[in-house]
C-alpha cells in the first residue's frame, strides 16, 4: 500500500531485483526466488515426512503419505493404466502450484502463480508434453481427434478448424484460470487490509469501524486457503485429462 490513504492493490505483483547488484545483473526477482523456496519447502516436507518411515506414522509422515497417495490415485484413476508413468510430472505440477499459492499468503512473500508468464509457462509445458505423449502412444493417429468419429465428410471443413482452435486454446484457458484466481484473491485481501489500516488511523471510532474489514479479511484468507488447493487440483486434473486423451488409442 502506498503512502497516505491510497490503496495500491496491484503493487504486490510488481517484480523487483533481489540480492542487490547481483540480482540486478542476473535479473533475479522475487518470482524465481520464491519458486526456489517453494521447491525447497516441498522437498524438505517429503524428505522429512517419508524418511525414516515409522510403523505408526506421525503427523508429518501421515501428511506426506496422504499427499503422495492423493496425487497418485488422481493420476492413475484419470489417465488409466499409463497413469503411473506420468505421476511424477503431475505430482510436481500439483505441489509447485500449491506451494506457490500458499507461500503467497505469508507476510512479505510473493505469489508467483499470480503472474501470467509463470502460469502460461506451466500450461505450455503441459501442452507440449501432451503432444509428445500423443505422438509416442498414437503416432500420426492422434490427428483423428480433430475429426470426431461418425462426422459427415461435408462437415469436416467446419469441424476440423474448430477442433484445432479448441486444442490450441488449452494452454491459454489453463493459464488464465490460475492467474486470474490468484490475482483476484490477493487484490481483495490487499484492499480490505488497506481499509483496515485507513480506518484504524481515524481514532477510536475508526477502530470500531475497522472490525468489519478485519472480519472480511479473515474470511477471505480462509477462502484463499481453499482456492489455493482447489486451483492446484484443477490444474492437475486437467493435466491428467489431457494426458488421458494423449495416450488413448
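Keep in mind that glycine also has a Cβ here, set from the backbone N, Cα and C atoms.
What Swiss-Prot annotates here:
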TRANSMEM  30-50  transmembrane segment
TRANSMEM  86-106  transmembrane segment
TRANSMEM  115-135  transmembrane segment
TRANSMEM  146-166  transmembrane segment
TRANSMEM  191-211  transmembrane segment
TRANSMEM  218-238  transmembrane segment
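A contact links the transmembrane segment (218-238) to the transmembrane segment (86-106), because at least 3 Cβ pairs that are 6 or more residues apart lie under 8 A.
Of the candidate ranges 86-106, 115-135, 146-166, 86-106 has the most C-beta pairs within less than 8 angstroms of the transmembrane segment (30-50). Tertiary neighbourhood of the transmembrane segment (115-135): same-chain residues 13, 15, 31, 35, 86, 89, 93, 96-97, 100, 142, 170-172, 174-176, 178-179, 235, 238-239, 242-243, 245-247, selected by CB-CB distance under 8 Å and a gap of 6+ residues from either end.
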